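Chemist: For reference, the structure I am asking about is given below.
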Amino acid sequence: MDFLTLFLIYLCFVLTVAALLCLCSGRKESFLTRSVNRASQVLSLVIPTQLQRVTHRTLHRLFHTRSCLFVVLHVALQAAVFGEYTWEVFVYCWELQFHILLLLLPYLLLAGNVGCFLLCSRANPGIVTKSNAASLVKVYAYDGVLFQRGLVCPTCTVEKPARSKHCSVCRTCVHRFDHHCVWVNNCIGASNAGVFLLYLLSLTATAGAVAAVTAAFLIQVLLLSNIMHGTYLDAQGREHAVEIPFLVQHLFLTFPRIVFMLGFVILLTLILGGYCSFSLYLALTNQTTNEWCKSRRFGGSPHLPSQHHDRPLLYKNIYSKGIWRNLKEIFNPPTVLEMKKK
């Protein structure tokens, strides 16, 4: 099996898994959830108890406590990609007389991405405290389905404003809580949701720019070598016309690190592009990731305990105000004074 076929199989597998996770996320007792639970039960019978405890502690440390591990991994991956891009792709493209603006585009996008990353990771996401809880309660209305009036956070002992949630990782309630991002080591809330969206867009654009310049370099190499219009001999000495799998294998043998980096960056661009599209959809419809997941789970439990079971409870997004105003709210979250004016 040739290299291109293996790479395509791997790419399809990763994209399929990502699509299944997106489709099944938020569904109560979904097929994926049941399968994972059953697999965990089977593995618990085989894996030693001590190893299970170590694994549980490690996963808890990674995903349920604040840690800089993913930030370090994030920086290391960017350093590895741009190190390879600088020392090989940039140098080769400079010798081939590529336009300087095209070669510098990934660095310009990287600078913007690093700026958004620092702002997003160091910003206050909108922590709910005893001093500001009373005012934040007046910003958004309670929809009576996902958010109920009068609920008090048992950990923070403050009344929970609509669209807020307690983050078990940061151990605080966050106003207009979206999710906790391990890659920036911070919650995404009302105060940094716009910067996080810019961070995602700039990261996707950076990966796409690196992939585009690298692909242009490899195509230029093939054109200069005239191999695209020639023939080659197989192991039996038979002559064949040059095909795409042979071209990929030829490039992989000639520039193995560059081809590997290109495959990684293309895959990263596809995944980030999908996540960016999802984040833009949430922004344009004035939803958060937390609300999207809760609304999907709500379909499995159509009644609240306080309501009559003969009256089905339907979820409706009451926070959407139109595409332009929704997008504006991401970058300029409303305050109590603004809500009173309306």
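Glycine too: its Cβ is placed from the backbone N, Cα and C atoms.
From a predicted model like this one, the values you see are computed outputs, not experimental measurements.
These came from TrEMBL, pasted as-is:
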{"type": "DOMAIN", "residues": "150-295", "note": "domain 'Palmitoyltransferase DHHC'"}
{"type": "TRANSMEM", "residues": "6-24", "note": "transmembrane segment"}
{"type": "TRANSMEM", "residues": "67-87", "note": "transmembrane segment"}
{"type": "TRANSMEM", "residues": "99-120", "note": "transmembrane segment"}
{"type": "TRANSMEM", "residues": "196-223", "note": "transmembrane segment"}
{"type": "TRANSMEM", "residues": "258-284", "note": "transmembrane segment"}
Chemist: Treating G and I as helix alongside H, and B as strand alongside E, what does DSSP give for the domain 'Palmitoyltransferase DHHC' (150-295) in helix, strand and coil?
Modeler: 83 helix, 20 strand, 43 coil
Chemist: Mean pLDDT over the domain 'Palmitoyltransferase DHHC' (150-295): what is the value?
Modeler: 84
